[in-house]
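*Asks:* Before I ask anything, let me first share the structure, which is written out below as structure tokens.
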Amino acid sequence: MVLSSVLGFPRIGKNREVKKAVEAYWAGKLSADELQTAAAEVRKWNWTSIKAQGVDLIPSGEFTLYDHVLDHSAAFNAIPPRYVGLGISDLDVFFAMGRGRQTGGVDVPAAEMKKWFDSNYHYVVPELSEQTEFKLNYNKALAEYKEAKAAGVTTRPVVLGPLAFLILAKAGREATPGFKPISLLPKLLPVYKTLLKELKAEGAEWVQIDEPNLVMDVAEQYAEQYASAYAELAKDAPKIMLTTYFGRLGSNLPFVAKLPVCGLHIDLDREPGQLGDVITAIKDTSLVLSLGLVSGRNIWKTDLTAAASLGRKAVEALGADRVIAATSSSLLHTPVTLESENKLTAEQKDWFSFALQKAGEVAVLASVLSDSQDSKISQLLEENKTSISKRRAFEHNSDDAVRKRVAAITPEDLKRKNPFPTRREAQKKHLKLPKFPTTTIGSFPQTKEIRSARAQLTKGSLTEDQYNDFIKKEIDSVVKFQEDVGLDLLVHGEPERNDMVQYFGEQFQGFCFTQNGWVQSYGSRYVRPPIIVSDVSRPHPITVQWSSYAQSVTKKPMKGMLTGPVTILNWSFPRVDVSRETQSKQLALALRDEVCDLEKAGIHAIQVDEPAIREGLPLRRVDWDNYLTWAVDSFRLATSGVEDSTQTHSHFCYSDFNDIFPSIQRLDADVISIEASKSDLKVLNAFQQFGYKNEIGPGVYDIHSPRVPSEQEIKDRIKSMLNLLPADLLFVNPDCGLKTRGWAETEASLKNLVAAARWARTEFA
Ligand code: MET
Ligand SMILES: [Zn+2]
């Protein structure tokens, strides 16, 4: 019989219970016990709900209060020395690593965060060195397996594999130069062995071990380590389901097929084409093949008929007992349940399926593949066929004007009028910025008042006019604040935006929105990605009224603020009937009109944020060029309609530039701001090495943490930046927007930032 399985479930709670509990705990309003109780309730709801959908293999252990990679670091005692001996509880150490801590005499920044493969989820990067002493501080997989059992649900525990853990890790500050985390594999394996042995002793039949790096080029060089590690682990463990996702095994398949595990999971949502090769490679083994047929990354209802016909190939070749119908990856990238949506039309609701509905889909698929004679199953399959054909009919309704405009794009549309040096002179005259100009990345604290005004507008208790007046007052005070603090290039603060992507989606044609479609981005930060459902266009100017209002209340230059085409695409749930490239170009054209309108309205610095360009990078290098070409072209299409004197900015919240540097250069933004505060400044070497000539603002402090950087810290930062970058190219700014911060720390931090920039002006005059 074909079994069904879910690889992981959203850990945020149906009503964002986890966010609420975690933040209440941080605020001192909830005790640690109360927090754990709230978390346990969410876990129980997840398990019992997945079970009620008829799923056979239900995940446990992947739940987290912050990040699942951080859970592993904490459980394995991979705690960097700066978080040890602080005299705080283990739970607080865990949160200190995730978000930094600055209370009661303790002052530690957060550990580095990175994007999880090509998703918008961020994990906390493990930091290892020769001194790391792995031990199993606690067995989370075991604890949650038992907890589920007590709740009446038998689960398949999930752990992140040892190779993944080490490949995702970085060398800590204590490590000697040249240290490679992977060298710790022999020291780490005993911990995994204990963990797995305990699971087995407790009766766990299967364990899901995630090794997502197996879909990347990097895995090939570790073929031997995978082999020896799994040979070791398989000795005394539940049956291991080696789990890959987000891509194809490709060249790694030959060695993966030989690993001594009991099952292999592959992603057929992203890479349906790999099924044939995988079947051939494992046919003569006894491996169980888990088919990722239901997308863990998107929200479209699965075409069950198509999925079943793909699945049938595996059943025919391997037999039903060796096949599992599964989600392609963990469902943590999808919202919890469609049941929470009351505003979507019946037509729209019928297009989608969220995590809980996807659990139902794998159960139906497994029944179909097992040739179930159950009339309920055939009825569900028929209903699914009807939904899918209705959606196809909708998809065929295109916006011809938009399609024609995309088809008519010429190389000239992608070019500024003159090269950067010429533009720079024009901009200097126009903007009159001092040396080491200070600016921010755009957003200022999104306070309770702002959120409540927005909620009142939605409810109708504030009229549109009242709301607009409120936003204007907000802009007044943010502008005044920046003048008082002494910043040079101002922003309006983005108070009108619920989210940098959602806001634009709401103004564009072609999007649809959920009320509760929250997805975890990092820690307790969740986003609600818009859904692109049809061709995209801009029916009217969007930000012009706010930016020009802001400019009207100050003499200092105002920077307009837009979200870039690639980021809007990557942070939305895209269509699957049209290529991402086409969707990106449609967005770029809509934004190009907005950029030109801003310029016409007297805004001469315009920032188009592309923080998501990098995470959209395909996982295999051979696929990079194609993506980078259309991604960079989209940015250029959006930004190149302006005069030389208009300064274009872009912003990225990451710092690993080396491998995509030529593309960053090809964006040809006049100024870019990047994250450089949490990582060391090695990143700037690339700018030096590649001869980057445009202006650049490497973030001087980390805004993801409430910690206030001292003036001295920022001066030191600037000083070390100047070792690598010419003084006349340097902007001074934080490393990202301030929307998640409070006013008190924002004011203190920016005052220090301005003071440090002023010091630099005299010091390096
Ligand atoms: C995630 S990048 C954020 C950029 C945006 N302009 C902001 O300041 O919030
Ligand atoms: Zn950012």
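Just so you know, glycine gets a Cβ as well, placed from its N, Cα and C.
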*Asks:* Please state which member of Glu395, Glu494, Glu496 TrEMBL lists alongside Ile441, Gly442, Ser443, Asp609 for binding L-methionine.
*Replies:* Glu494
*Asks:* Of Cys512, Cys736, which does TrEMBL put in the Zn(2+) site with His651, Cys653, Glu675?
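*Replies:* That Zn(2+) site, as TrEMBL gives it, pairs His651, Cys653, Glu675 with Cys736.
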*Asks:* Of the candidates Asn120, Asn468, Asn658, which does TrEMBL annotate as part of the 5-methyltetrahydropteroyltri-L-glutamate site that also includes Lys19, Trp571?
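*Replies:* Between Asn120, Asn468, Asn658, TrEMBL records just one in the 5-methyltetrahydropteroyltri-L-glutamate site with Lys19, Trp571, namely Asn120.
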*Asks:* Is it possible to get the count of other C-beta atoms within 10 angstroms of the C-beta of Cys736 (Zn(2+) binding site)?
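*Replies:* So the Cβ neighbour count for Cys736 (Zn(2+) binding site) comes to 26.
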*Asks:* Could you check which of these binding-site residues, Lys19, Trp571, Asp609, Cys736, sit within 10 Å of His704 (active site, proton donor), going Cα to Cα?
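*Replies:* The binding-site residues close to His704 (active site, proton donor) (Cα within 10 Å), listed in sequence order, are Cys736.
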*Asks:* Within 10 Å of the Cβ of His704 (active site, proton donor), how many other Cβ atoms can you find? Include all protein chains, please.
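*Replies:* Result for His704 (active site, proton donor): 24 neighbouring Cβ atoms inside 10 Å.
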*Asks:* List the binding-site residues Lys19, Cys653, Cys736 whose Cβ sits under 6 Å from any atom of ligand 2, in sequence order.
*Replies:* Cys653, Cys736
*Asks:* Can you give me the same-chain residues 6 or more apart in sequence from Asn120 (5-methyltetrahydropteroyltri-L-glutamate binding site) with a CB-CB distance under 8 Å?
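*Replies:* Result: His333, Val519, Ser521, Val527, Pro529, Asn570, Trp571, Ala612, Glu615.
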*Asks:* With Cβ-Cβ distance below 8 Å and at least 6 positions apart along the chain, what are the contacts of Cys653 (Zn(2+) binding site)? List them in sequence order.
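*Replies:* Looking at Cβ-Cβ distances below 8 Å from Cys653 (Zn(2+) binding site), excluding near sequence neighbours, one finds Pro611, Ile674, Glu675, Asp735, Cys736.
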*Asks:* Which recorded positions from the set Lys19, Asn120, Cys653, Glu675, His704 have a C-beta atom lying less than 6 Å away from ligand 1?
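*Replies:* Close enough to ligand 1 are Cys653.
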*Asks:* Cα within 10 Å of Ser443 (L-homocysteine binding site): which of the binding-site residues Lys19, Glu494, His651 qualify?
*Replies:* Glu494
